[in-house]
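The ATP binding site annotation in TrEMBL covers B:LYS11, B:GLY12, B:GLY13, B:VAL14, B:GLY15, B:LYS16, B:THR17, B:THR18. The domain 'AAA' annotation in TrEMBL covers B:3-155.
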Amino acid sequence: MLDKKQFITIKGTKEGLTLFVDDSCTFEHALNELREKIHASRPKHDEPVVSVKVKLGNRYVQEEQKEILRKIIAEDERFTIDSIVSDVVRRDEALQWQEASEVKTVNRIIRSGQMLEVTGDLLLIGDVNPGGKVVSTGNIYIMGRLNGIAHAGINGDKQAFITASYMKPSQLRIADYISRAPDYESDGVYMECGLIDEEQDKIVIDRLQVLSHKSEISGFGRRMQNG
Amino acid sequence: MGEAIVITSGKGGVGKTTTTANIGTGLALMDKKVCLIDTDIGLRNLDVVMGLENRIIYDIVDVIEERCKLKQALIKDKRFDYLSLLPAAQTSDKSAVTEEGMRKIVGELKQEYDYVIIDCPAGIEQGFKNAIAGADKAIVVTTPEKSSVRDADRIVGLLEQESIDPPLLVINRIRNHMMKNGDMIEIDDIVQILSIDLIGIVVDDDDVIKASNSGEPVALQPNSKASIAYRNIARRILGETVPLQSLEDEKGVFQKVKKFLGIRA
Ligand SMILES: Nc1ncnc2c1ncn2[C@@H]1O[C@H](COP(=O)(O)OP(=O)(O)O)[C@@H](O)[C@H]1O
Ligand SMILES: [Mg+2]
């Protein structure tokens with residue numbers, strides 16, 4: 001065979017294989033070559049399964065195309081797929097990410113029976129009254145009294161947290177965690193935050209200072225990394 | 001052109017009807033032309049509190065369904081020439097009253113009267129929507145009880161979505177000894193939660209019940225505490241600056257109340 005250009009380069013690492021798929025050829029081309037390469041380097045049945053990272057460079061692939069890649073690589077179950085990473089995002093995805101990482105500022109009282117829901121972080125300047133509810137996909141910052149329910153990270157972000165000038169919530173919810181106020185009458189706390197304590201596996205209320213020890217990554221960076 | 005004020009609360013039994021009757025009477029005492037409207041269809045009792053029950057011939061549903069003219073349905077008060085009542089229907093179908101119908105009636109009454117005071121039914125359903133439809137202002141009544149404050153908050157939230165002035169607050173049925181023992185939510189806590197302007201506080205007063213049983217609104221009495229409180233509310237509606245009464249000569253309570261002396265009416 002003539003020395004035709006290689007579109008797929010394979011590198012072995014400690015963790016497994018990294019497949020670099022050149023972004024200058026057609027997807028069909030890449031697939032054909034991938035089939036050959038995978039076939040050639042497939043571990044024998046008595047060898048351990050190898051983990052594969054796929055790097056697509058500046059190639060954008062649809063979800064269905066990713067599915068085809070997965071099928072080819074995982075066929076025969078000799079490879080497992082660790083990740084498929086592309087350096088490009090679609091404009092609408094980027095806008096979604098941006099929306100999800102913006103702080104929405106709202107200036108009003110959330111009264112009994114009312115609910116305020118935002119994408120991204122919420123900065124509420126005003127109280128959440130008993131029976132009122134605020135919900136966000138990110139963090140919730142309340143400059144006012146939280147007497148009702150606050151639900152941060154509603155789409156499952158366990159890193160999300162809730163802060164308030166005065167906290168006496170009936171419930172705090174973060175991702176799918178829920179904590180409620182005790183049954184006895186208790187005083188609220190000033191300038192504190194609610195967050196998930198991973199060791200205790202529950203929501204705790206703590207001084208605001210603990211937030212500075214939390215991961216430095218902003219909501220945006222976090223979402224980039226999680227794809 | 002007069003002004004229409006709806007008296008509302010969310011919760012039942014907190015004193016809407018009593019407040020309507022006594023604010024109306026208080027304004028009439030100050031020579032204002034006042035018309036009261038009872039919108040609590042099926043549970044009318046403003047007529048009873050006013051002592052006008054046995055004069056009813058037509059009611060609000062008759063007006064809306066054009067069985068009579070608006071003027072024919074109005075009942076003139078026994079005591080004041082310019083105090084009238086448009087009674088609720090006791091038997092008819094509630095759905096007869098509509099927001100449009102209310103707007104028309106209230107609009108017409110405002111031509112004639114200085115104040116149209118609308119007594120709202122409990123709840124947040126159609127009856128509530130009808131009652132607030134024609135109103136320019138709203139007074140929210142609550143008692144110093146959690147559930148009542150909660151419902152008042154819900155109502156304030158709903159009123160904020162309407163083209164109506166920010167509502168004013170009346171705290172009714174305050175009991176001194178319970179306040180003193182901390183068994184009731186305190187006035188400033190209520191005002192803080194609802195964050196609307198306080199226009200009056202009324203103590204729990206047996207005279208109110210006696211008065212309502214005799215069909216003579218308590219505001220007609222010269223000296224009872226509730227009477228003075230209701231008349232003060234009427235004066236504040238007229239724009240006078242009237243300090244809140246001290247509930248008793250208790251220092252503690254008085255100091256709490258003092259914070260609200262610079263009241264806006
Ligand atoms: N300040 C008060 N002191 C004592 N009793 C009161 C007072 N205000 C209202 N009441 C009583 O409470 C009951 C409910 O009042 P009402 O005005 O009919 O409430 P609503 O119209 O909100 O249902 C009535 O029996 C009334 O006499
Ligand atoms: Mg009533």
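Placement of Cβ uses the backbone N, Cα and C atoms for every residue, glycine included.
Note that TrEMBL annotation is computational and uncurated.
This view paints the features noted in TrEMBL onto the structure.
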residue : record           : Cβ contacts under 8 Å, 6 or more apart
B:LYS11 : ATP binding site : B:ALA122, B:THR142, B:SER147, B:SER148, B:ASP151, B:ALA152
B:GLY12 : ATP binding site : B:ALA122, B:GLY123
B:GLY13 : ATP binding site : B:ALA122
B:VAL14 : ATP binding site : B:VAL141, B:THR142, B:THR143, B:SER148, B:ASN172, B:ARG173
B:GLY15 : ATP binding site : B:SER9, B:VAL141, B:THR143, B:VAL170, B:ASN172, B:ARG173, B:VAL202
B:LYS16 : ATP binding site : B:ILE7, B:THR8, B:SER9, B:ASP119, B:CYS120, B:ALA122, B:VAL141
B:THR17 : ATP binding site : B:ASP38, B:ASP40, B:ASN45, B:LEU46, B:VAL49, B:ASP119
B:THR18 : ATP binding site : B:VAL49, B:ASN172, B:VAL208, B:SER212, B:VAL218
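Across the residues of the domain 'AAA' (B:3-155), the predicted structure has a mean pLDDT of 96. Taken in sequence order, the binding-site residues B:LYS11, B:GLY13, B:GLY15, B:THR17 that lie near ligand 2, meaning a CB under 6 Å from one of its atoms, are B:THR17.
B:THR18 (ATP binding site) falls within a helical segment according to DSSP. Among the binding-site residues B:LYS11, B:GLY13, B:THR18, the residues whose Cβ lies under 6 Å from any atom of ligand 1 are, in sequence order, B:GLY13, B:THR18.
Those residues of the chain, other than B:LYS11, B:GLY12, B:GLY13, B:VAL14, B:GLY15, B:LYS16, B:THR17, B:THR18, with a C-beta within 8 angstroms of the mean position of the ATP site C-beta atoms are B:SER9, B:THR19, B:ALA122, B:VAL141, B:ASN172.
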